[in-house]
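To keep things clear, I will list the structure first and then write my remarks on it.
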Amino acid sequence: MAPQGGAPRLVLLFSGKRKSGKDFVTEALQSRLGADICAILRLSGPLKEQYAQEHGLDFQRLLDASTYKEAYRRDMIRWGEEKRRADPGFFCRKIVEGVSQPIWLVSDTRRVSDIQWFREAYGAAMQTVRVFASEQSRQQRGWVFTPGVDDAESECDLDDFGDFDWVIENHGDEQHLEEQLANLLKFVHSRLYLSGSRSELGVLGWAWGWLCRMWGSQP
């Protein structure tokens, strides 16, 4: 069960391979909606924090894209899998505690069990988003195939999921990406507009104006 509190109006679960641009996409959406409306939740946050505590490591250095994090990545994956086998919802429950914004973007969904937990907890408010980038695009962003990482369950469990509500192509074409984000923002707007508070509607009005400019129309 999800922790009690303000129920989200929309939970978007983002997944994709390493260097596909999941963080870039979720941060772009949050910048348009505003941090008071939209929260980015990372399943890797509590995983790294707990791992650092148990192993005497620097939690803050595990959060960035440093060689420090990469040195422990394989063991963190192994440790995280053991935690999930014992309790599939362990990290999911931790990231939703105390979140008050109506829109949640889970930026690093990696497993079918993650999707199942959010679906059971939030039902129709949940949708899945797959961020896809070609291997060439990912290599240009610094991706190198790493055995034990790129062939692990954390990277491959959703390869055959095949039923994503949204697919975002992020191959480096900025205009195409903006058009896809505009479509997704329209959907977010539709979920919020009728039942939003006055402050939320103000932000959404700005977002709607941005969408209209994107499509060359008037609000």
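The backbone N, Cα and C atoms fix where each Cβ goes, glycine too.
According to TrEMBL, the protein has these features:
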type: BINDING; residues: Lys17, Arg18, Lys19, Ser20, Gly21, Lys22, Asp23, Arg141, His171, Gln180; note: ATP binding site
type: BINDING; residues: Asn170; note: substrate binding site
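Location within the structure of each feature annotated in TrEMBL.
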residue: Lys17; record: ATP binding site; CB count, 10 Å: 20
residue: Lys19; record: ATP binding site; CB count, 10 Å: 18
residue: Gly21; record: ATP binding site; CB count, 10 Å: 24
residue: Asp23; record: ATP binding site; CB count, 10 Å: 16
residue: Asn170; record: substrate binding site; CB count, 10 Å: 23
residue: His171; record: ATP binding site; CB count, 10 Å: 15
Could you measure the widest C-alpha to C-alpha distance across Lys17, Arg18, Lys19, Ser20, Gly21, Lys22, Asp23, Arg141, His171, Gln180, the residues recorded as binding ATP, and give it to a whole number of angstrom?
21
